[in-house]
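Student: Submitted below is the structure of interest, expressed as structure tokens.
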Amino acid sequence: MTTWFALTTGKQLAEDQFDSLEKHTQWGIDILEKYIKFVKERTEIELNYAKQLRNLSKKYQPKKNSKEEDEYKYSSCKAFLATLNEMNDYAGQHEVISENMTSQITTELARYVQELKQERKSHFHDGRKAQQHIETCWKQLESSKRRFERDCKEADRAQQYFEKMDADINVTKADVEKARQQAQLRQQMAEDSKAEYSSTLQKFNHEQHEHYHTHIPNIFQKIQEMEERRIVRIGESMKTFAEVDRQVVPIIGKCLDEITRAAESIHQKNDSQLVIEAFKSGFEPPGDVDFEDFTQPIKRAVSESSLSNSKEGKPESRFSGKSKGKLWPFIKKNKGAGPEDFSNLPPEQRRKKLQQKVDELNKDIQKEMDQRDALTKMKDVYIKNPQMGDAASVDHKLAELGQNLEKLRSEAQKFEGWLAEVEGRLPARTEQTRRQSGVCESQNTLTVNNCAQDRESPDGSYTEEPSQESEMKAPPTDFDDEFDDEEPLPTIGTCKALYTFEGQNEGTISVTEGEMLFVIEEDKGDGWTRIRRNEDEEGYVPTSYVEVFLEKNAKGAMTYI
């Protein structure tokens with residue numbers, strides 16, 4: 001196995017390589033941090049993309065309680081709705097990619113970088129320490145060597161001076177002895193310096209051998225292993241980067257498969273049939289128009305088989321200046337308010353409108369009955385517990401509810417009569433019965449057109465008499481009531497029950513003191529608030545029994561009620 005120390009061939013070269021490795025390992029950490037930044041930006045892109053997809057899906061979702069919901073009965077619209085839902089799930093997978101990359105790559109690598117920096121710092125600290133130690137040993141060797149050299153020179157000079165003094169006959173014996181002792185002292189010092197230099201040299205050689213063959217190779221080996229672990233770690237992170245994407249591919253594929261299945265479920269024939277059911281008029285095609293011979297000096301006759309506006313024995317109406325041969329399917333719609341009984345509409349459309357009106361009135365009647373029952377219950381509570389309120393205070397509201405119920409029932413009965421007439425369950429009403437019912441008198445300016453014996457369309461073309469309407473009606477068919485599957489009311493706030501209330505009457509709901517519930521309809525001035533406990537339990541409670549906390553967008557929520 002090749003180690004980094006094999007690149008070094010001497011002290012100076014080793015130090016140079018040590019500095020180079022320090023720069024190289026720092027570069028490796030910079031590369032790792034750059035990759036972490038790259039992955040982090042990728043996760044932000046995935047989150048933003050997912051957010052934009054969710055907003056796009058939400059933007060094109062049908063609004064509740066709007067005409068858009070009716071459009072989604074067609075298979076193409078259902079497929080589009082399924083596409084929107086799948087795109088929402090598709091966005092969720094991109095959020096999963098972001099979360100997994102953050103937890104498995106960014107977080108882990110950030111922790112590893114901190115550990116790597118500490119390990120690198122420790123290794124290079126050991127290397128610097130080893131270098132300082134060998135440099136200290138070298139300085140000690142140089143100092144010992146210079147001392148030995150100096151002592152040797154001093155000993156040599158002392159010996160020469162002794163020999164000179166010994167040869168001079170004029171020098172006293174004492175001076176010669178002193179010079180001899182000095183020469184011996186210097187010689188001993190030289191011997192000591194020599195021994196010290198020899199010992200220091202042996203020690204330095206040993207330390208140098210350990211430095212270049214043990215300490216530095218071990219440090220370089222550790223740095224090499226550290227760097228190789230960094231390289232392996234960044235490679236594993238790149239594999240994880242790809243694997244995180246690969247894990248969501250099957251789910252994304254399922255989303256795309258669902259979109260494909262939704263597209264394949266589009267059925268143009270069924271959609272066409274829905275259009276026919278929604279807009280069919282119930283009219284029979286008109287018969288042939290008879291030839292009117294203007295060459296004969298007689299008053300022209302009008303064919304009774306056509307759907308013209310004229311009738312025998314009828315004085316010319318105020319619309320006689322208009323064309324008499326227009327057919328129903330091509331009549332322009334009246335831009336103003338139509339008759340109350342929708343008699344300006346084709347039979348089938350009229351039946352649907354009347355049915356819709358009857359259903360609305362029945363719901364209003366049920367709501368009034370619920371309020372009346374709840375007030376009656378509250379009155380009973382007040383009678384049993386006078387300290388909670390005055391029972392007489394609700395009498396006026398009960399009387400008002402009774403009047404409203406009578407009006408609504410009368411109105412419902414009127415529309416049910418028109419509906420029965422259109423469906424053929426009752427004979428068509430004559431002019432006399434219409435007048436007796438008081439409908440004509442209550443319609444003011446509309447009564448001229450609504451109650452006249454001869455009905456005319458807004459542009460003067462002929463509409464059949466009640467009896468003819470019955471004869472030309474389409475057979476009764478079932479149709480979808482667009483109000484049958486009404487969406488639940490949205491939550492506009494919460495409330496806390498201040499007292500226990502036993503909701504025994506229909507339309508009310510029982511609550512326990514301290515219970516938290518959802519508010520779906522504010523008090524309309526009748527003293528009752530509509531609340532919901534869960535998807536299956538909702539009803540009215542006395543407003544004085546609860547403390548209401550409306551949300552900031554409560555006004556917006558109320559617009560759906």
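Note that Cβ sites are derived from N, Cα and C of the backbone, with glycine treated the same way.
Caution: TrEMBL annotation is automatic and unverified by curators.
TrEMBL feature annotations, pasted as is:
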type: DOMAIN; residues: 2-271; note: domain 'F-BAR'
type: REGION; residues: 302-324; note: region 'Disordered'
type: DOMAIN; residues: 344-421; note: domain 'REM-1'
type: COILED; residues: 351-411; note: coiled coil
type: REGION; residues: 446-478; note: region 'Disordered'
type: DOMAIN; residues: 490-551; note: domain 'SH3'
Student: Going by DSSP assignments with H, G and I as helix and E and B as strand, what are the residue counts for the domain 'SH3' (490-551)?
Tutor: 3 helix, 29 strand, 30 coil
Student: Mean pLDDT for the domain 'SH3' (490-551), rounded to an integer?
Tutor: 88
Student: For the domain 'REM-1' (344-421), give the DSSP counts of helix residues, strand residues and coil residues.
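Tutor: When I sort the residues of the domain 'REM-1' (344-421) into the three classes, I find 72 helix, 0 strand, 6 coil.
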